[in-house]
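Undergrad: As annotated in Swiss-Prot:
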type	residues	note
BINDING	Arg78, Arg103, Asp130, Pro131, Met132, Leu133, Ala134, Thr135, Gly136, Gly137, Ser138, Asp199	5-phospho-alpha-D-ribose 1-diphosphate binding site
BINDING	Ile193, Gly198, Asp199, Ala200	uracil binding site
Amino acid sequence: MKVVEVKHPLVRHKIGLMREGDISTKRFRELAAEVGSLLTYEATADFETEKVTIEGWNGPVEVEQIKGKKVTVVPILRAGLGMMDGVLEHVPSARISVVGIYRDEETLEPVPYFEKLASNMHERIALVVDPMLATGGSMISTIDLLKERGCTSIKALVLVAAPEGIAALEKAHPDIELYTASIDKCLNENGYILPGLGDAGDKIFGTK
């Protein structure tokens with residue numbers, strides 16, 4: 001599995017700001033979208049382009065445009081919604097596929113509860129977004145579903161990843177790509193990433 005920890009200074013700075021314990025909901029939400037945007041920039045670097053001729057201000061001009069497979073952005077509910085707008089800045093014509101999965105607080109196992117995927121998944125590149133890759137369960141379940149629907153080109157974008165989650169994801173889906181702003185130290189006994197960001201969903205939506 002290709003794992004990319006994006007070490008751009010802007011990414012490191014913004015993730016550092018997100019770690020503040022008393023960060024406001026507004027600021028956390030803004031930063032989640034901003035880092036999501038920067039991760040998308042990295043994740044789409046291998047997209048192929050083709051030359052086309054358009055009508056410019058002074059006549060025909062040859063330009064490059066993205067070619068090949070269409071894109072679908074797949075936020076994992078609910079926290080993944082916080083990154084979605086940042087991703088769409090770069091791929092505004094992408095279709096949105098939604099997957100609802102929550103983690104059982106006792107077993108730490110993923111529990112699916114909703115799905116609505118774009119059509120023709122076999123023709124699409126999926127950008128799966130979720131702020132935290134902790135145990136990896138939710139991401140693995142989502143990618144299982146995407147593959148069942150025929151999707152073969154999948155990239156996962158997460159703000160923070162735990163080594164345990166990366167190992168689990170690689171074991172389950174060695175053919176995908178993972179882009180993260182930070183590979184953190186470990187999981188604690190409750191399955192939270194350390195140092196992590198806290199509960200990203202609660203911070204994005206202002207709930208507890």
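Every residue gets a Cβ built from N, Cα and C, even glycine.
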Undergrad: Among the binding-site residues listed here (Asp130, Met132, Gly136, Ser138), which has the Cα closest to the Cα of Gly198 (uracil binding site)?
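TA: Checking each of Asp130, Met132, Gly136, Ser138 against Gly198 (uracil binding site), the shortest Cα distance is to Met132.
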Undergrad: Rounding to the nearest whole angstrom, report the longest C-alpha distance spanning Arg78, Arg103, Asp130, Pro131, Met132, Leu133, Ala134, Thr135, Gly136, Gly137, Ser138, Asp199, listed for 5-phospho-alpha-D-ribose 1-diphosphate.
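TA: Greatest Cα-Cα span of the listed binding residues: 17 Å.
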Undergrad: Count, for each of the binding-site residues Gly136, Gly198, the other C-beta atoms lying within 10 angstroms of its own C-beta, and report the residue with the smallest count.
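TA: Fewest other Cβ atoms within 10 Å, among the binding-site residues Gly136, Gly198, is found for Gly198.
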Undergrad: Please report the three-state DSSP label of Gly136 (5-phospho-alpha-D-ribose 1-diphosphate binding site).
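TA: SS state of Gly136 (5-phospho-alpha-D-ribose 1-diphosphate binding site) = coil.
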Undergrad: Note down the number of other Cβ atoms within 10 Å of the Cβ of Ala134 (5-phospho-alpha-D-ribose 1-diphosphate binding site), including every protein chain shown.
TA: 26
Undergrad: Just counting, how many other CB atoms are there within 10 A of the CB of Arg78 (5-phospho-alpha-D-ribose 1-diphosphate binding site)?
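TA: 18, counting other Cβ atoms within 10 Å of Arg78 (5-phospho-alpha-D-ribose 1-diphosphate binding site).
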Undergrad: With the uracil site defined by Ile193, Gly198, Asp199, Ala200, which remaining residues of that chain have Cβ atoms positioned within 8 Å of the Cβ centroid?
TA: Pro131, Met132, Val160, Tyr192, Gly196, Leu197, Gly201, Asp202, Lys203
Undergrad: Only counting partners 6 or more residues apart, tell me which same-chain residues put their Cβ under 8 Å from the Cβ of Ile193 (uracil binding site).
TA: Met132, Ala134, Val160, Ala161, Ala162, Gly165, Asp184, Cys186, Leu187
Undergrad: As a test of the contact definition, list every same-chain residue at least 6 positions from Asp130 (5-phospho-alpha-D-ribose 1-diphosphate binding site) whose Cβ is closer than 8 Å to its Cβ.
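TA: The answer is Pro75, Ile76, Ala79, Gly80, Met83, Ser138, Met139, Thr142, Ala156, Leu157, Val158.
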Undergrad: Roughly how many Å separate the Cα of Gly136 (5-phospho-alpha-D-ribose 1-diphosphate binding site) from that of Ala200 (uracil binding site), to the nearest whole number?
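TA: Each residue's Cα considered, Gly136 (5-phospho-alpha-D-ribose 1-diphosphate binding site) and Ala200 (uracil binding site) end up 15 Å apart.
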Undergrad: Give the distance between the Cα atoms of Ala200 (uracil binding site) and Arg78 (5-phospho-alpha-D-ribose 1-diphosphate binding site), rounded to the nearest whole Å.
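TA: Per the Cα atoms, Ala200 (uracil binding site) and Arg78 (5-phospho-alpha-D-ribose 1-diphosphate binding site) stand 10 Å apart.
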